[in-house]
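Per TrEMBL, the features are as follows:
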type	residues	note
BINDING	99, 104	oxalate binding site
BINDING	102, 104, 148	Mn(2+) binding site
COMPBIAS	41-64	compositional bias 'Low complexity'
DOMAIN	54-202	domain 'Cupin type-1'
REGION	40-68	region 'Disordered'
């Protein structure tokens, strides 16, 4: 019986990230063909081209409001990781550059500092902040689903490699979720929740509105998969009889 229990537990753990991807994306896309994540082809048919990515070798342009840029190699851009439960990103930060407060609902993230200095932190579900300054050669882990951030505290550029235990980790930026979703959250709801007045809410929304479309990768930006999901949902809605 202990062996059976262990096998059952392992089966559940090993399939942890696949089930949410299939279920969540299928429900959110209302049947659109995004199931390609799990049906891109058998491992036997994959070629060396599919299992190789050259996207992680060079720095990115951090000239954007966040001052950071993520270059992702996940199942969207790197077919070789399909069904393997792993992906990788290269993140660049200008001095003062920030990866804004965000979460990854489907993956734990671990980062390795290639150069520079970062202040990193995450907030637990009981609202405790764990924060640390890390430098070249250091490693830091962000537990799955927790709000976290990174900021370059040095005087020069910083770069890290981030690895996820999911082929498509998902990402939700807190500020974008609150102030720039489609359709928008009612101003009175945000005002009451944040204990500020409606004018302040509208002022914050105005700051995010220009970036709500094409708000493209720093890690705090909509990635291609999320844009496809949104577009697919809107297409389905537009063809639904009233």
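Backbone N, Cα and C atoms are what each Cβ position is placed from, and that goes for glycine too.
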*Mean of pLDDT values spanning the domain 'Cupin type-1' (54-202)*: 93
*Including all protein chains displayed, how many Cβ atoms other than that of residue 104 (oxalate binding site) lie within 10 Å of its Cβ?*
22
*Hey, does DSSP put residue 99 (oxalate binding site) in a helix, a strand, or just coil?*
strand
*residue 148 (Mn(2+) binding site) has how many other Cβ neighbours within 10 Å of its own Cβ?*
22
*Per residue, counting other C-beta atoms within 10 angstroms of the C-beta, which of the binding-site residues 99, 102 reaches the highest number?*
99
*Integer Cα-Cα distance in angstrom, residue 99 (oxalate binding site) to residue 148 (Mn(2+) binding site)*: 9
